[in-house]
Amino acid sequence: MTVSASLTSSLVRLPPPFSRSSWCLSEPPLTSVIWIVQISPADAPSEADFEATGAAAADETAASSSWGAQQLPLAAGRATRTASSFWTSLCRSLKMVIFTPKLNILLPLSPGALLANRFSRNRGLVFILSLLGMIPLAERIGYTTEQLSFFTGATVGGLLNCTFGNATEVVVSIFALKNGMTRIVQQSLLGSILSNMLLVLGFSFFCGGMVSKKAQFFDKESAVLNSGMLLMAVMALLLPALLHFTRTEAHSGESELALSRFSSCVMLVAYTGYLIFQLQSHKNQSDKENEETVEDNSCSNEGEAAEISKWETIIWLGIFTAWISVISEYLVDAIEGAAEEWNMPITFISVVMLPVIGNASEHASAIMFAMKDKLDLTLGIAIGSSTQISMFGIPFAVLVGWIMGHPMDLNFQLFETAVLFITVLVVAILLQEGNSNYCKGMLLVLCYVIVAASFFLHVDASALSN
């Protein structure tokens, strides 16, 4: 075998026996050195070898092309399955969240409120459509929060329930403060406390007693703790009012507001400690259950699972919260016009109508639990919600007003504070035995009737001053 080298052009034609091969292209043009290998006829490969090599290369190319052709349908199939899975999940989520609950028949009323506000001058119509449209939204927020607790665990789920449990009142308060309606904020929060403690708890005790035909029992320790928290809230509201009406402020017009802001911070600290205690006690109680109870609970909870996925829950929670925010703005803007058109005191609308209608779904849930002899859940909704509003909602509104530049204090005026104090006192006395019956429920409902009548005839002190 001999080897010779020569400078050639970029493209070189190989002599035989390589005449059947392809053209050889050198890397650098014009100046490349091409080594031409001359092989003796004895050492030269036969044409059969070239044909076998070419056939193998063709088979390899065909196999590669066949693999690529197979991957294209697979990729298209995966994309199709992904799109199909997305639409299936979306339809299932819409069915579970929007179309299944019967209460969602009221959902079209909230867009109706927007249209009425745009094309009608009837402020009463806008108010009532907004108020009724908020009922299913508040119920759906509770549903999505419950679904989210399946993924976050009991501790975080409890915190979420506490945060979003009274989202309607908090959002309405923020928009009312934005418009400078501090009295409406105070009265709506007060009305939520009164309706939960008297009307909801009263109807729950009454309906539960009539169905069970006997006394019903609940956790006395938890009820006493909630009563203590409510009495602390009454004290925080009573002291600024006494400071104002006795005219004993150290700095006129400033001491009352400073005391309110300081008391609000203390109340938030107390409520945080209350939440931590409740979560820890719940965990310890679960740990102390015996094996039989654990087995029974596991058997009964086998079918309990989240109905929608985690991200679907978060998205729906954001949608409903934003929806309530939009409707709350129209509700707050229309409340004064509705009071004028209906010739009704704005105090009555804020204290009675707004809390009762706005939280109708939550109230119905408390009554249903009582009829099923689940008084602890009923107290968790009625008394627990009152504790949350008094120890979190009211201080939060004071601090938000401070940030917005719309000062709000804890002086709810003497009449409103006295009504709250008497209500807490009556409920605390009826809860101290740890049982309920229909007679106690009847007393609470009748007490609420008296309170509602008093606010219908009450003229707000700020209105008199104006």
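Even glycines carry a Cβ here, placed using N, Cα and C.
Because TrEMBL annotations are produced automatically, they should be read as predictions rather than curated entries.
Under the heading domain 'Sodium/calcium exchanger membrane region', TrEMBL lists 125-279, 314-455. Residues or ranges marked as transmembrane segment by TrEMBL: 124-143, 189-211, 223-245, 257-277, 314-332, 344-370, 377-404, 410-431, 443-464.
Fewer than three CB pairs closer than 8 A are found between the transmembrane segment (124-143) and the transmembrane segment (443-464), and contact between the two stretches is not assigned (pairs 6 or more residues apart).
Sorting each residue of the domain 'Sodium/calcium exchanger membrane region' (314-455) by its DSSP state yields 120 helix, 2 strand, 20 coil. Highlighted: of the candidate stretches 189-211, 223-245, 257-277, 410-431, 189-211 has the greatest count of Cβ pairs under 8 Å to the transmembrane segment (443-464). Among residues of the same chain six or more beyond the transmembrane segment (257-277), those with a C-beta under 8 A of the stretch's C-beta atoms are 158-159, 162, 225, 229, 232-233, 236, 239-240, 243, 251, 387-388, 391-392, 394-396, 398-399, 402, 407-411. Sequence-distant contacts of the transmembrane segment (344-370), counting only residues of its own chain at least 6 positions beyond either end whose CB sits under 8 Å from a CB of the stretch, comprise 103, 131-132, 134-136, 138-139, 142, 168-169, 172, 183-184, 187-188, 190-192, 194-196, 199-201, 203-205, 207-208, 216, 335-336, 338, 377-378, 381-382, 385, 452, 455-460, 463. The list of residues near the transmembrane segment (223-245) in space but at least 6 beyond its ends in sequence, with Cβ under 8 angstroms from a Cβ of it, reads 197, 255-256, 259-260, 263-264, 266-267, 270-271, 274, 379, 383-384, 386-387, 390-391, 394, 409-414, 417, 420-421, 424, 427-428, 431-432, 434.
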